[in-house]
Structures are given as C-alpha cells and as structure tokens.
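Single-structure report; data block below.
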Amino acid sequence: QRWLATGRASPRLVLVVVFVALLLDNILLTVVVPIVPTFLYTTEYEGANSSGGPALPEPTPAAPRAPPFSSVLSYFDNTTVPVRGFTSAVELPNGTGSSPPGHPSSTPPAPPRGCLEGGEFLAQENTRVGLLFASKALVQLLVNPWVGLLTNRIGYHIPMFTGFTIMFLSTVMFAFSGTYTLLFIARALQGVGSSFSSVAGLGLLASVYPDDSERGSAMGIALGGLALGVLIGAPFGSVMYEFVGKAAPFLVLAFLALLDGALQLCILQPSRISPESTKATPVSTLLRDPYILVAAGALCFSNMGVAMLEPTLPIWMLQTMCSPQWQLGMAFLPASISYLIGTNLFGILANRMGWLCSMIGMAVVGISLLCVPLATNIYGLIGPNAGLGFAIGMVDSSMMPIMGYLVDLRHTSAYGTVYAIADVAFCMGFAIGPSTGGAIVRALGFPWLMVVVGVLNVAYAPLCWLLRSPPAAEEKMAILSQECPMQPKSYAPKEALQEFPLTEESDAEAENME
C-alpha cells in the first residue's frame, strides 16, 4: 500500500501507464495492416473461385485435386502402368491415347509464385480495405471532442480506464470476426476506445508535467510507446497470421490489454473523479486560434502519408513485387524503427526549436513519399520508409508539446480540449488518407498517389515558421505591458517558462525590481 501511495503521486508511473496504453492501441492499429488484405482475398475471392487452384502462396506448392497415381496405356504389352505425379492426360478421339510427355497439359501457365490473380478484385479491395482502416479514425474523429469535454469535468482517470475496456472488447472481436462487416465494426469500436485512451493519456501527462522542457521529454517517451506499437504491430501480425492463424495475434493482444487494465487499477484509481482545477477554454475558441490550427494541420498532413500507405502499399507489393505474406508487414519495419528514434530524439528539442523540427520533418515526409514508387523490391523500400518514419517522428514529438505550450501561453492551462483537437488532427489524417487513397489508386495509380500527398507535405512545411514565436493572448499581454512596458510582444518557449503562469510571487518580484 505504501508503494502504491508513492506510485500514484509519481509522474513517472503515470508516464508508464500512458506509454503502455498507447503501445497496445497502436499495436492493434497496425497488426491488421498485413492481415486484412490477404484475409479478405482468401475468404472472398478464393471462396468465389473455389474451383480453381489457390492463388496465394502456400508453404508447399499446391497440387491439383487428382489421385497420386495416374494410369498411362502401354502400347508394348497393352497393359496399364501407374505413373506417379503424371496427372494430366488428354484423351484422343478414339479414347486410347495420351498427351506426349513433352506437353503434359493444355492449360495456360500459372502466374509466378506469390502473385495474386484477380486484378479487378484487387482494385476494388484497395477501396474497401481503405474504408475499413479509415473507420477507426472517422469514429475517433467524432468522439474526441466529447472526450475532451468529459476530461475537463471528471478528470483523466475514468476515461483512461473506459478506453482500456473498449479496446479489450474490440481486440476480442477482431480475433473471432470472419466477415468484412464484423471486421468493420471491430475497427470502429477500436476508434472509440482509442479516443478515450489517447486524449485522456496525453492530457494527464500535460497536467503532471507542468514544466515545458520536462513535458517535451515526457511526450517524446509516450510517443515512443506509440512508435513501438507501430513497430511491433505489422511484423507481428504478418508472421503470426502466416504461421499460426488469424486469431492468434489478437488473443495475445487481449491478454496484454488485461495486464494494462490491472496496471491502471493500481496506479490511476479510475473510480476517483478529479476535475480540472481551471476552467477550460471552449473548443470553438481554440479552433479559431490560427497557431493551434497550424500545429494541428502539421499533425494531420504528415500522418496522412503513412495512413495512405497502410492500405495501398501491401496490395501494390502483391501486384508488382509478388511479395510473400510475411513481407507485407516487414515493409513497415524501417518506418517504425526510425519513428521510434525520431520521437525520442526530437522530443527533447521541441522546447527550443520545435517549429524548425516540424518544418524540416514535413519536407522530408514529402521527399520520402515521392521516392516510394521507385522501389522494385522490398529492399528498395527501406530508405524511403525509414526517412518517412523519422520525419513523422520529428513532427509528432515537436507538435504535441507545442500544443500544450500554446494553451499555456494564449489560453487557460486545461489540456483535455487541446489534446482532443490534436488527436482529431491525427485522426483526420488517418481518416482522409485510407478512404481517399484507395480511390486515387484506382483512378490514377499508386505512383500518382505518392506524388499528390508528397507535394502536399512539402507545400505545407513553410507554415510551421509561424510557430517560431507565437504572441501571448491579449489579456496576458495587457498584464505584462503594465508590469514591464518595454517587454517585447512575442515570446519564445524558453521565456514563457519564466512569465507563465503569473502568480503572486511573480507580481512581488516585479514590484521589487521597480
């Protein structure tokens, strides 16, 4: 009990809880990326064409359904001789002959091993898989503002535990869903749980780390959990689906989610209501703030690139590279590793030059996306995907602390609403990306999709310059101008630490200086 009492007061254990919650959320987010396209192909396309041989690669080459021994008539002694493995005989008009040994079959040659048949089905699957992936973000987009308001009224602990409960139900539903409709419902349910976990988790971190430099480091570590989830999810899902089965990865995640729930019960005490001490700024006011909109736009457009890759890259690899199933998840491994590095490296620098990190990151995102269609095999994807993940890590780890800093500087220090807006921006990228990506691929092709989203990121990057030195709110500027008439009108993040929040001690110090 003494350990739990000290743990509940420790910001580090709160950081551990948020880290684990974001980790599991994003493992579930990406574990379905390599599973869903091949699972739908196997159950729907092959089910409708069950008379033909399987088109997906199997551990052993598939053989036609014929007896292991076939009969061949011998003209030497007029007897029948069984021949192993010779399965295609063509009857002559008199019914006594067979095909020459050099031409055992009259059927057309099969496609190369690993390439999928049914080009029209795959083109339609781009759109359907994109909509399924986008359903999570669309639902999260709708729920986020309400969760932000809820956290301002009852605190962060109960919404965090609610998010865990919904995530557990979604994971179990994924494990036992066998149709597109059930998978769609499970993905949408995940969006509800993710909304509770991410908004409450980031707001909780911002409240327990009031110092901007510590907050930047904590946000970088928490986003490292997000990165680690993305890192583990796709390779874990592809390998488990290939060698164990569809339900296995989801059952493992359900067990880990139970452990996370036990951790939250011990540390957060989710039965306790602890509303924000200060009244939060209304969402409508925050949405009219141009600096918050610029930061939210950077989060949206940078993540839209990887969101468009998730449903379209595996299908493009199946069509052009004839990749086996396990490679579909491994293709995202370089992006995940570099994202993990980027978030931990640039979270520390966000307090000093977050705007510069974000501007460079968005430019690198655009250039990396333009290089993706140049790859001819999985090794050609390593460089572009690594650059993409590293650059998105730069943007995310810089913008999340900046959002909290902007609220401190220009509004009231209640963080649930602003991180709801940040999560909405993140979700808009993951909603617009997959839902429109499949349609663009079908109309223009995969290379043009990469050109469109790459140019969009490069064009948006200069707007991050506006976040270099945002001005304080008019009310706070008026107070400062009365105390220090020569004080400049704009403040860097480092100076803001000394000026805000204004307290009675700071008023006394100002009077002594005069």
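Glycine is treated like the rest: Cβ placed from N, Cα and C.
Annotated features, as they stand in TrEMBL:
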- 12-36: transmembrane segment (TRANSMEM)
- 14-472: domain 'Major facilitator superfamily (MFS) profile' (DOMAIN)
- 92-114: region 'Disordered' (REGION)
- 101-112: compositional bias 'Pro residues' (COMPBIAS)
- 161-186: transmembrane segment (TRANSMEM)
- 192-209: transmembrane segment (TRANSMEM)
- 221-241: transmembrane segment (TRANSMEM)
- 289-309: transmembrane segment (TRANSMEM)
- 329-350: transmembrane segment (TRANSMEM)
- 362-382: transmembrane segment (TRANSMEM)
- 388-407: transmembrane segment (TRANSMEM)
- 414-433: transmembrane segment (TRANSMEM)
- 445-467: transmembrane segment (TRANSMEM)
- 491-514: region 'Disordered' (REGION)
- 502-514: compositional bias 'Acidic residues' (COMPBIAS)
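Of the Cβ pairs linking the transmembrane segment (289-309) with the transmembrane segment (445-467) and spaced 6 or more residues apart, 3 or more are under 8 Å, so the two regions touch. Predicted-model confidence for the domain 'Major facilitator superfamily (MFS) profile' (14-472) is 77, expressed as mean pLDDT.
Residues 133-134, 136-138, 140-141, 144-145, 147-152, 156, 191, 195, 198-200, 202-203, 206-207, 276, 278-283, 286-287, 292, 295-297, 299-308, 310, 399-400, 403-404, 406-407, 453 of the same chain lie 6+ residues outside the transmembrane segment (414-433) yet bring a C-beta within less than 8 angstroms of a C-beta in it. In summary, the transmembrane segment (329-350) does not lie against the transmembrane segment (192-209): fewer than three C-beta pairs, each 6 or more positions apart in sequence, are under 8 Å. Under the criterion of 3 or more C-beta pairs below 8 Å, with sequence separation of 6 or more, the transmembrane segment (362-382) and the transmembrane segment (445-467) qualify as touching. Listed by sequence, the residues of this chain that lie at least six past the ends of the transmembrane segment (12-36) yet keep a Cβ under 8 A from its Cβ atoms are 129, 132-133, 136, 160, 163-164, 167, 170-171, 174, 183, 187, 190, 193-194, 197-198, 201-202, 204-205, 208, 218, 221-230, 232-234, 236-238, 241, 246, 249-250, 253, 256-257, 260, 263-264, 267-268, 310-311, 314, 325, 328-329, 332, 336. Panel annotation: around the transmembrane segment (445-467), residues 290-291, 294-295, 297-298, 301-302, 304-305, 308, 312-313, 316, 354-356, 358-360, 362-363, 365-370, 372-373, 402, 433, 437 of the same chain, lying at least six beyond its termini, place a Cβ under 8 Å from a Cβ of the stretch. Cβ atoms under 8 Å from those of the transmembrane segment (192-209) belong to residues 11, 14-15, 17-18, 21-22, 25, 29, 136, 139-140, 143-144, 147-148, 151, 156-157, 159-160, 162-167, 169-170, 215, 218-219, 222, 276, 400, 404, 415-416, 419-420, 422-423, 426 of the same chain, restricted to positions at least 6 beyond its ends.
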